[in-house]
């Protein structure tokens, strides 16, 4: 597997290097689907310019990244392209290793269940074979590295790629069972954008350390305090807290993007704003508890679900956020027989991806459309994501039900039964 993975990395890096040297990079860096006010490279460059002049990069309303990011590129600004390509490589390798270990654990549990005769005889066709699972880690890495969303995000030098790398390392540490590294990378991901805090439930479920919640919380909060303290040490003031985290939560910049916030709050009366802001923001965190209860025995699938929820409901999403959870789809390839709307949803996602630049041009340049056109396609894109995730959730639960009660369900009178998910 090392040779195909190496070839994949070479191809992915070559594609990015070629695009960096073309005119595509400047074009993509302006696309609102690819960069946001939080992750745009131009804002990082402006923040660096202010820092070099001895002015706080947070004194205006331009730079909203974390202090560690600006100091990272203070030293690596001349190697920015290599840094972003390296971040994608790290993400792909981390996902590859995490999925490889996860598949070994799944196969081991499946083997023990078969030996204990826990599966009904009529559902043996649902059992996953080693040959079927062998190429899944490579497919995951391929889905991430060669996904157009990932490529565009890297070419635009969106800092979303760095966030994805940190989350991928968190997933790898969790799957490996390393509680310390898991807490450190989770704190770094939370430090970057707040929302990955919801992944802590999946980490605790996977590590099976509910009785060590206090220990994990101590390591997580300790790492987070170190990062916050280091930021203060580098800057010498706390201005970055409202400029970064206040900006994420209060959503003052209503620049169009692929999220749900911008047009809704552009039309919102000011005295209703706080209420609806709380309603919108709580969406990301609201689903954590019910999903954790329902998927308590399947924390990796819970991570997939939470990543999807974050990418849909966060305040400033980009296509780079979507590419991370889409990379996990090959892991659930055994669910395809239970998916109901996969063809329709795939077509809608592809159509929306193609229509984003078209409707933007009609609105901004041609003047023959307005913001409602662009927001409509944004809503459709997010509805399609919700349907995709819901379909996989249904398929996952249905397969687990069949593994417990049999594939061909019968009523008490012997007639065929229909499974209804409530």
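Glycine is no exception: its Cβ is also placed from the backbone N, Cα and C atoms.
These figures come from a predicted structure and were not determined experimentally.
Positions annotated as signal peptide by TrEMBL: 1-17.
If you look up TrEMBL, you'll see 68-99 (among others) marked as transmembrane segment.
The transmembrane segment feature in TrEMBL is assigned to 166-188 (among others).
Beyond the ends of the transmembrane segment (194-213), by six or more residues, the same chain brings 167, 170, 174-175, 177, 179, 182-183, 186, 220, 245, 248-249, 284-285, 288-289, 292, 295-296, 299-300, 302-303, 306-307, 309-310, 314 to within a C-beta distance below 8 angstroms of the stretch. For 194-213 (among others), the entry in TrEMBL reads transmembrane segment.
Remote same-chain residues near the transmembrane segment (220-238) are listed as 56, 66-68, 71, 183-184, 186-188, 190-191, 200 (criterion: CB distance under 8 Å, separation of at least six residues from the stretch ends). The transmembrane segment annotation in TrEMBL covers 220-238 (among others).
Feature annotation from TrEMBL assigns transmembrane segment to 244-262 (among others).
Sequence-distant contacts of the transmembrane segment (274-293), counting only residues of its own chain at least 6 positions beyond either end whose CB sits under 8 Å from a CB of the stretch, comprise 195, 197-198, 201-202, 205, 249-251, 260-261, 264-265, 268, 302, 305-306, 309-310, 313-315. Sequence annotations record features per position, and here TrEMBL assigns transmembrane segment to 274-293 (among others).
According to TrEMBL, the transmembrane segment annotation covers 338-360 (among others).
The transmembrane segment annotation in TrEMBL covers 372-394 (among others).
Taking every listed stretch (166-188, 244-262, 338-360) in turn, the largest tally of C-beta pairs under 8 A with the transmembrane segment (372-394) is reached by 338-360.
Outside the signal peptide (1-17), and at least 6 residues removed from its termini, the chain residues within Cβ reach (under 8 Å) are 81, 84-85, 88-89, 92-93, 96, 134, 137-138, 141-142, 145-146, 151, 154-155.
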